Amino acid sequence: MASTTPITMEDLQKALETQSRALRAELAAGASQSRRPRPPRQRDSSTTGDDSGRDSGGPRRRRGNRGRGQRRDWSRAPPPPEERQETRSQTPAPKPSRAPPQQPQPPRMQTGRGGSAPRPELGPPTNPFQAAVARGLRPPLHDPDTEAPTEACVTSWLWSEGEGAVFYRVDLHFTNLGTPPLDEDGRWDPALMYNPCGPEPPAHVVRAYNQPAGDVRGVWGKGERTYAEQDFRVGGTRWHRLLRMPVRGLDGDSAPLPPHTTERIETRSARHPWRIRFGAPQAFLAGLLLAAVAVGTARAGLQPRADMAAPPTLPQPPRAHGQHYGHHHHQLPFLGHDGHHGGTLRVGQHHRNASDVLPGHWLQGGWGCYNLSDWHQGTHVCHTKHMDFWCVEHDRPPPATPTPLTTAANSTTAATPATAPAPCHAGLNDSCGGFLSGCGPMRLRHGADTRCGRLICGLSTTAQYPPTRFGCAMRWGLPPWELVVLTARPEDGWTCRGVPAHPGTRCPELVSPMGRATCSPASALWLATANALSLDHALAAFVLLVPWVLIFMVCRRTCRRRGAAAALTAVVLQGYNPPAYGEEAFTYLCTAPGCATQAPVPVRLAGVRFESKIVDGGCFAPWDLEATGACICEIPTDVSCEGLGAWVPTAPCARIWNGTQRACTFWAVNAYSSGGYAQLASYFNPGGSYYKQYHPTACEVEPAFGHSDAACWGFPTDTVMSVFALASYVQHPHKTVRVKFHTETRTVWQLSVAGVSCNVTTEHPFCNTPHGQLEVQVPPDPGDLVEYIMNHTGNQQSRWGLGSPNCHGPDWASPVCQRHSPDCSRLVGATPERPRLRLVDADDPLLRTAPGPGEVWVTPVIGSQARKCGLHIRAGPYGHATVEMPEWIHAHTTSDPWHPPGPLGLKFKTVRPVALPRTLAPPRNVRVTGCYQCGTPALVEGLAPGGGNCHLTVNGEDLGAFPPGKFVTAALLNTPPPYQVSCGGESDRASARVIDPAAQSFTGVVYGTHTTAVSETRQTWAEWAAAHWWQLTLGAICALLLAGLLACCAKCLYYLRGAIAPR
């Protein structure tokens, strides 16, 4: 197709003016050449338009271009002036008694003769189409002898996201120019279709309607009407446009569709002339599927119903006991259901949850309720074939004759033995009597150890019947009408037609003092209706109605704004499988980066980081205790930095001398060994007053009697040695402390779950992976933190303080409560106290300890040459009242901002596959270590094949799902070797090192309170559907009925959404 120039509204009007003038001239010329009187013709009563200008003998009947509500034919040009004058009546009209009201004059329209003239032949507009013609938009040009389109005005729609769910209705008339042309860039010009015959829309709507757009979002079909939907932007606002498209053009060819950007639509197909996308049926289909899921998953009371409580689940058949416990079988407790944790255990006078008292692996196997007496003291548990027995140690002798078993009326216990345990002995051949519950000699763990064990005497337990459980039986595929008693507790009093019910009894209805139980849907419905006034049933009814209300809201929202229909249809068409969890495991993970565990997929802690809002608290310079000194093998005459310049470094001495609160001390060692006792002794009077008279000094002078002068070696013993020490608090030029406040601190734990990285916090402790959902029990966030960044000659060290400081309390003098300067030049805190100097001998035991706060110890050191000695200085903590020193920071802070109190708890839920898994190769290098039928899990390890998760089975027992690679698990084994292992397909033999169950019948392990992982029973969708087929059938019927009602409502809203709130 050749490209053409886009046609504007001005070009369209000029073309219409030109064609109108040509048609007028042609009709006028034909009328003047052949003007003859026409024979009268009887008026057809069915026609209401003007019959002038029609040949009565013509084979065709003219049909006008009538729109909605039109009374005249506007499809052709008006008659010429000459013909108008002849057709008018020559009889003058009677004058009215009063002046008629002035009629509104039509606007002056442009003609083709360079001027403007009124259109008196039209008169005032009486309908929207006449109003469009009065505004200058000419009617379509048709041959009077050809049929015109029957539908003149159609309705299109516009709506904008910026204005909410407000629809603009645009009534327009198709300009009869045949096939709409295309622009040069291949886009369709919608301005050619804009010829309004209704109320004038707002200006911004007109601009949006005339905005060219080449992308088509969808095509809608309704009978012979076709709409194309487009979305585009006008001035930053996103608009949606629904355009009515002509079915066939005047040239006889189908009108071409606008170019589609996402798919190709074939218009010449015999079966599907139009492709409908994102229509209402898709939205209704989505609602239908959601309704089916909501009804199917709701337990609508179609199981065996009792008006008192929900029926319990089917119990596991009891396991067989060993032959050596056959005579105690009547005293053993009844077995319960796998994974059932609702039992209670009576210990003394208190009832406790069985999962808190019994060993951890009891939660994985069958168990019953035990009733212990008050005086029992033992906590041992004996195991045999997954059966556990509480055994006691007691010195109480048994009675001479055992008390017979009695049955109490209306009690939950069947038999209570009133016996006491026998005394325990050390011999293996001793026994405790026939009334014991299977307890025997306690063996050692190692099978090769032949040492004697000790006898653990058990107490016969109280047998308790399992709770009553029902099931429904079908007859020849009909609905379940009969009730089957699976387990019966005599105390419940269930009867069938007056006969007590026993396991295996089939009955339409059971009666007991607690109520009635039946499987009939009618009876179940009656029970539900009778109990509808209760809170539980009202809440259940509300929960069942919520999905329908949501579906209605979604459908209504979809019909009002089509943006949701596309998303909802995409979800339905692409498919969505809600996550269904098959297994649940719980384990712990340490908090050190790099820790890893198996739960059951590998989980590793990659790192821990903190996120917080940081506020700068400024910087300060801490006080620094600095000391210097010298060891001199004589008594100097000037004890100062200038007089001791040969022995003391000048720069540190001057910095310390000019510091704050300095301490300066001069010691003379062995002053009396140099002759002139009285003279030299007078030098060292208290306070050193005599020495200062002869020797200028600013330090305290003290004698050091008893100190060794061996530092100045190689001279007679009368050598005099002196020690000088100087210390003070100074501002160190290379020490600074910067303070930062951390608020809204949040700990982010970076985990790697089977190679998938995710971050968990206290706000979002979940991690969704392709293998399942991981829930992490993270410790609470540390809260507000204060960070001290200590810089010492370029080396930075951060210390963390927990919580905000109490500046009005004990932390008033802390660094965070002081005003700091950005350049770290301000000293913080009050002036410290004077340091204390002390002369310590080299062999003094005091040197084995550390100097006290504010103390400086000086020790003479023997030099490498004669008359050369050194000085060793040790400074203690700062030790003053102010707390802004680094010692305070170290004492009140920590290097790690947060130490979790314990490991992270990981709860992993594996995803249950909807489809059956593929057949995998058998696992390799599988080893089984441990024992079987002994109550202790055995270790199973090996390599799972690739291609998906391996559902490991050992001799037909499912041990769980494992990803490809190495796996290690523990399982209770019921069968002896050899062991056949598989992943659901081919099997292979595993190597086993197991202990004989006879040698490990009694492990003698002392248990406390344990928590362990609980594995739920896995069930496929097919199994679930087979077990609930009747519920699914009723749910589907209800869903179809309700979906039909919703479809009717949504359909009405969809087709009338613009008419409800037009603009």
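Note that Cβ sites are derived from N, Cα and C of the backbone, with glycine treated the same way.
Look at Swiss-Prot and you will find 1-131 tagged as region 'Disordered'. Among the features that Swiss-Prot reports, region 'Human C1QBP/SF2P32-binding' is placed at 30-69, with the record citing similarity to another entry. Residues annotated as compositional bias 'Basic residues' in Swiss-Prot: 59-69. What Swiss-Prot lists as compositional bias 'Basic and acidic residues' is 70-87. The feature compositional bias 'Pro residues' is assigned by Swiss-Prot to 93-107. The disulfide bond annotation in Swiss-Prot covers C153-C197, C590-C595, C619-C824, C641-C653, C699-C712, C758-C767, C807-C817, C931-C934, C950-C983, and the record cites similarity to another entry as its basis. Residues or ranges marked as transmembrane segment in Swiss-Prot: 535-555, 1029-1049. Here Swiss-Prot flags 563-582 as region 'Functions as E1 signal peptide'. The feature O-linked glycosylation site is assigned by Swiss-Prot to T1011, T1012.
Annotated features, which come from Swiss-Prot, shown on the structure.
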residue: C590; record: disulfide bond; contacts (Cβ under 8 Å, 6+ apart): L605, P903, L904
residue: C653; record: disulfide bond; contacts (Cβ under 8 Å, 6+ apart): T628, C641, L644, L726
residue: C699; record: disulfide bond; contacts (Cβ under 8 Å, 6+ apart): V639, S640, C664, T665, F666, F724, L726
residue: C767; record: disulfide bond; contacts (Cβ under 8 Å, 6+ apart): L751, V753, C758, V760, Q773, L774, E775, V776
residue: C824; record: disulfide bond; contacts (Cβ under 8 Å, 6+ apart): C619, F620, A621, T736, V737, R738
residue: C950; record: disulfide bond; contacts (Cβ under 8 Å, 6+ apart): L920, P923, A944, A961, F962, P963, P964, F967, C983, G984
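Rounded to a whole number, the distance between the Cα atoms of C931 (disulfide bond) and C595 (disulfide bond) is 30 Å. Of the recorded residues, C931 (disulfide bond) and C817 (disulfide bond) place their C-alpha atoms 66 Å from one another. Look at the disulfide-bonded residues C641, C712, C758, C931, C983 and count other Cβ atoms within 10 Å of each Cβ; C758 has the fewest. Neighbour density around each Cβ, counted as other Cβ atoms within 10 Å, peaks among the disulfide-bonded residues C595, C619, C817 at C619. In this structure, C595 (disulfide bond) belongs to neither helix nor strand by DSSP; it is coil. Mean per-residue pLDDT, taken over the region 'Human C1QBP/SF2P32-binding' (30-69), amounts to 45. The DSSP secondary structure for C653 (disulfide bond) is helix. In this structure the alpha carbons, written CA, of C712 (disulfide bond) and C817 (disulfide bond) are 52 Å apart.
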